Amino acid sequence: MILAWDQSAQWTAFWSRIWQHFGVRDFGEWLLVKGTRIALIIIATILVTRFVKASANVIARGSFKEQEPQIRGEAARQRATLLSAFIWVFTVIQIFVAVLMIATALELPISGFAPLAAVAGAGLGFGAQRIVQDVLSGFFIIAEKQYRIGDLVQLAVLGTTNDPIGTVEQVTLRVTKLRSTDGELYTVPNGQIIKSTNLSKDWAQAVVDIPVPASSDIAVLREKLTEVCDTAKDDPNLKPLLRSAPTFLGVEGIEMDQINMRIVANSVPGQQFVLSRRLRAKALAALRQEGINTVKNGEDHAPERPQQRHRPTRPEEDTAPQERVRD
C-alpha cells in the first residue's frame, strides 16, 4: 500500500512538472478555460461540416428530381459535380482553420510553424507529387466538364489493361468514383487517368445489328425494318429514349450463311444500351411475324416452343391387361 502511494505521488509530481513546463499551474483551470474552448472548436467544426454536406446533398437530390430518373438534365449533373468538389474543398479548409484555431487556443507561436511549413512544402514537392497531380487533374476535369455525376464513362488508367467503365457517382479534386453494371465501385485517382471516354455526353448512338439467314428476302427485310424505324417514335417504350427517328442503314455485313442488317438511332445521354435492347426486340418481333428467324451460331434461331413429352412405349408392353400363366 505504501509502495503504491509513493508511485502515485511520483506520477503526480511528474505530470505537474510537465504542465508547469508549458506554463500551466492548475490543470483544472486549464481544462475549464482552454480545454472547453478546444472542445467547442472541434464540435463546431464537425457540425458545420456536416451541415454543409447535408445542404449540398439536398440541393443535389433536388437537381436530379427536375427530370425523370432515367433522363437527367445536363445542368443538374454539372451542379451535382460542382457540389461534390465544393464539399471536398470545404472540408479540407475547415480542418486547416480548426487546427490553426486550436494552436491559437493553446497559445502556441504560429511563427514557430514556419520551419515545419518549409519541411512540409519540401515533402509536397518530392513525396506528394502524386497528390498534387491528382488535385490539378481533378480541377481541369471539373472545369472542362469532361464528365459529370450521372454520366456513363470509360477511363483509361495508367498501369492497367482493363479500362473501368461505369456511371460516375462522385467527382472530387482527387478521385473519381465509378459504379459498374455489376455493382462494383471503382475509385480512380484523377492524376492516373490518361483518357476519358464519355458515353453520355449531349447525346449517344444506339447501334442494332440483326443477323438473319442469307436466304432471306432482302426486299422484305428492308420493308419490315423500315416500318419498325418509322413507327418507333410512336412507341411509348421507345419515345422517351429517342432524340430522332431511327434509321435503317441496310446490309452491314455478309458472311457464309448469314447477313447482318443494321439500325442506328440517336438516344438521350446514357440510354443507348436500353434503347438498343428495346429496338432490337421490336425488330425481331416484326421479322418473326413474317416468318423470318434470326441467326445464332450459324443456324436459324427461332423462339423455342414447348414440346409435349410422350412416354416411350416398349415393344414388350401391351396396353391390354394380360393374365399371368402359372406353371
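Yeah, the Cβs are placed from backbone N, Cα and C, and that goes for glycine too.
Feature annotations, reproduced from TrEMBL:
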TRANSMEM  38-60  transmembrane segment
TRANSMEM  81-106  transmembrane segment
DOMAIN    131-200  domain 'Mechanosensitive ion channel MscS'
DOMAIN    207-293  domain 'Mechanosensitive ion channel MscS C-terminal'
REGION    292-327  region 'Disordered'
COMPBIAS  297-327  compositional bias 'Basic and acidic residues'
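Counting same-chain residues at least six beyond the ends of the transmembrane segment (38-60), those with a Cβ under 8 angstroms from any Cβ of the stretch are 79-80, 83-84, 86-87, 90-91, 94-95, 97-98, 101-102, 105-106, 149. Tertiary neighbourhood of the transmembrane segment (81-106): same-chain residues 34, 37-38, 41-42, 45, 48-49, 52-53, 56, 59-60, 113, 138, 142, 148-149, 168, 170-174, selected by CB-CB distance under 8 Å and a gap of 6+ residues from either end. Note on the domain 'Mechanosensitive ion channel MscS' (131-200): DSSP counts are 16 helix, 29 strand, 25 coil. Taken together, the residues of the domain 'Mechanosensitive ion channel MscS C-terminal' (207-293) have an average pLDDT of 87.
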